[in-house]
Amino acid sequence: MTNNPFPSGTVLGYPRIGRRRELKRALEAFWAGRTTVEELEATARDLRLATARRLVELGLDAGSGAVPGSFSFYDQVLDVVALLGAVPSRFGRDAGDHARGSRLTLEEYFTLARGSGEDSPLEMTKWFDTNYHYLVPEIGPGTPVRFSDDRVVQEFAEARDAGIVTRPVLVGPVTFLLLSKAADGAAPDFSPLDRLPEVVAAYGELLARLAAAGAPWVQLDEPALVTDGHVPFGEVADAVRSAYGTLTAPAVGSGRPAVLVAAPYGGLQGERGDALALLAGTGVEGVALDLVRGALPAAPLPDLASKLVVAGVIDGHNVWRADLAERLSLLERVSELGAGAVAVGTSTSLLHVPHDVDDETRLDPALAGGLAFADQKVREVAVLARGLAGGRAAVADDLAASVAAVAARRAAAGVAVPAVRERLAALTGADLDRAPYAERAAVQRERLGLPVLPTTTIGSFPQTAEIRAARAAHARGELSDADYAAAMRAEVAHVVALQEELGLDVLVHGEPERNDMVQYFAERLDGFVATQHGWVQSYGSRCVRPPVLWGDVSRPAPMTVEWSEYAASLTAKPVKGMLTGPVTILAWSFVRDDQPLADTAAQVALALRDEVADLEQAGIGVVQVDEPALRELLPLREADRPAYLDWSVRSFRLATAGAATATQVHTHLCYSEFGDVIGAIDGLDADVTSIEAARSRMEVVPELAKAGYDRGVGPGVYDIHSPRVPSVDEVAELVALAAGAIDPRLVWVNPDCGLKTRRYEETTPALRHLVEATRRVREQLAG
Ligand SMILES: Nc1nc2c(c(=O)[nH]1)N[C@@H](CNc1ccc(C(=O)N[C@@H](CCC(=O)N[C@@H](CCC(=O)N[C@@H](CCC(=O)O)C(=O)O)C(=O)O)C(=O)O)cc1)CN2
Ligand SMILES: [Zn+2]
């Protein structure tokens, strides 16, 4: 190959939720039974075509496969489950349907994602180091696997008929199986990778059909290749050779599209092995490299001579406008690698960024000028592609404008605030330490007077339609500040009364006033700005609006005190103040890239430290600092992990170590495989840690005990991600299991996570069962 097939450049994927969250609304209307499946399909088709046309309008070629076909109704990993018909047996799919290779209905597809009745859905977990969640496939020796779904082909044909030749994007077979878990009941030595040949055969069938439909390219995403995971590199390498050897072998079918393997989220050349050399040695026609997170390969690779390299020089994961002159220099160095052709691309799919900065009419123009959301990034790609082909002179004005924008951002007022920097510089090790735990525990026991197995919740109570409507009306100016505050106080009073009635021990105010646990704080801290329309998909139809952390962070005024204080005034029981921790605030924001994350985290931590002090001043004796994203930011490469764990733990301690000995500090972690961070959990030095545990049947508790953890622990006793109400027996069994795995005096009883996405219909009985189950286990322990 000597010609660049994508002279306009390309992007690895594009947001699919819609500029105004059209897909979210269509999905939720369908799930609620308000619309038909035909209406949902029609909305999705309109969205796909509008997206393809927009990408062409922004500069991508319409005829070559430069436009990615990256739509999904729910999740791209679930899409491969559907492609393979790999439905776990508990969903009771008809074997005849599978044998005929018939497509899952959309209803069946959504049942896998959301469960139904007593059927729990597939587990959900974090997609690499992002705030996107995918559904975890369950693959056993007997799980059906065959080509079952031609949706990808239909979507290609639909765009083709509208005049746009797209490049279908799918998760690749190796990553799919590495992200799968072994189905329940599989032998201990079974690995999902054992099913690679059948999975690859199904992809082969898909490729043949895409070729027949006229697709010149297909993109297979293999981000697992940029991580140091639990499967040894040698096994991964064998899988890659086998999968891509088979898929590109001349013998397959009547033809196939050219294959582009994309490796977003990091570099392919790891300490355990070189996955770039590995891919270069296969028959794939192209490799897409993440040159934002990953380094440029140090030496030319002869095997690339016949291949396309898509150089991912535009950051798909953050929102800063690029210095295009500097990016063009990087592209010129990519050209020296000896590849057959170099096309300009993004480092990752644009799934992680909002649609369009131009929608943000309320942003300070100085800041807006430094931002690039998805649409701006497509334009950046197109400019670089013209620069690469035609030389710098061809795009001189664009280069100059980008350089000026980056310089202006760096120099803007508020980016470096001397008072914030001086405070940071004056910190010492003593600022990270509290009194020894034994001393704290004794004083806190005295102060709080809690029973054994204290019960509590993780913070939020249901965000009802009324709460959201009130906030929306307030934002539109239709509800005054005073009326909005009164409505939220009424909600707090209701939540406190409910907890009293249920008999919980440590109460919360319920967080009704928070639109989101990160955005709420960002809106109250200097150095951040929130967006109006900057929605990003988190999972399924759920979205977040990550704030932009652009400057030095400080706290102009207390952020949460009035709410906690009000809740405490309504009850004699302890009320837990509720803050989001520094690592999570960073992880769920778009963060400045001009200083180490550790420094940014420390600034956020200092603001939280002041908030903790103000809560204490107001008489609050228990403060929870949530760090659900602690595991999420864990670097994908082993070598980078110790430094991360060091700064992240320090930032949490900086936020909390100012607390008095008598103040009980809690933290909360969820969405985690905790094995890799057990040491860090201990290092946080919180008095109590609540942690997701129900789906894994408390297995984290013995792990903590084994690691010598000897402070309070609240393993979640029921999964809040499903509407299912757990029975008293079920909860009692889990509480007893936890109390048997660690000193029962350390055990707290709570749900797995906050209740904001649930309804009261489920929440009230579930918590009633939790309290009753705890009462039973207390009796057993006493007797
Ligand atoms: N940032 C973040 N990341 C996280 C989590 C989290 O809580 N926050 N939790 C984990 C799981 N992820 C989640 C992500 C989103 C939601 C979620 O519930 N999102 C809501 C939006 C939450 C929000 O921002 N709400 C705002 C805006 C709500 C809204 O859409 N309002 C309507 C108007 C409503 C009306 O008029 O009635 C509109 O703007 O159109 C508010 O309450 O103020 C949704 O998609 O529906 C839950 C979990 C991990 N990552
Ligand atoms: Zn949580």
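Using the three backbone atoms N, Cα and C, a Cβ is placed for every residue, glycine included.
Of the listed candidates (GLU500, GLU632, GLU638), TrEMBL assigns GLU632 to the same 5-methyltetrahydropteroyltri-L-glutamate site as ARG21, GLU22, LEU23, LYS24, LYS126, ASN131, ARG542, CYS543, TRP588.
Of the residues ASP323, ASP626, ASP640, TrEMBL places ASP626 in the same L-homocysteine site as ILE458, GLY459, SER460, GLU511.
A Cα-Cα distance of 10 Å separates LYS126 (5-methyltetrahydropteroyltri-L-glutamate binding site) from CYS670 (Zn(2+) 1 binding site). Looking at CYS753 (Zn(2+) 1 binding site) and ILE458 (L-homocysteine binding site), their Cα atoms lie 6 Å from each other.
Cβ neighbour count for GLY459 (L-homocysteine binding site): 26 (other Cβ atoms within 10 Å of its Cβ, all protein chains included). Neighbour density for HIS668 (Zn(2+) 1 binding site): within 10 A of its CB lie 28 other CB atoms from the protein chains shown.
Comparing the binding-site residues LEU23, ILE458, CYS670, CYS753 on other C-beta atoms within 10 angstroms of each C-beta gives the minimum for CYS670.
Among the recorded positions ARG21, LEU23, ARG542, TRP588, HIS668, HIS721, the ones whose Cα sits within 10 Å of the Cα of ILE458 (L-homocysteine binding site) are HIS668.
Candidate binding-site residues: ARG542, TRP588, CYS753. Those with a Cβ under 6 Å from ligand 1, in sequence order, are ARG542, TRP588.
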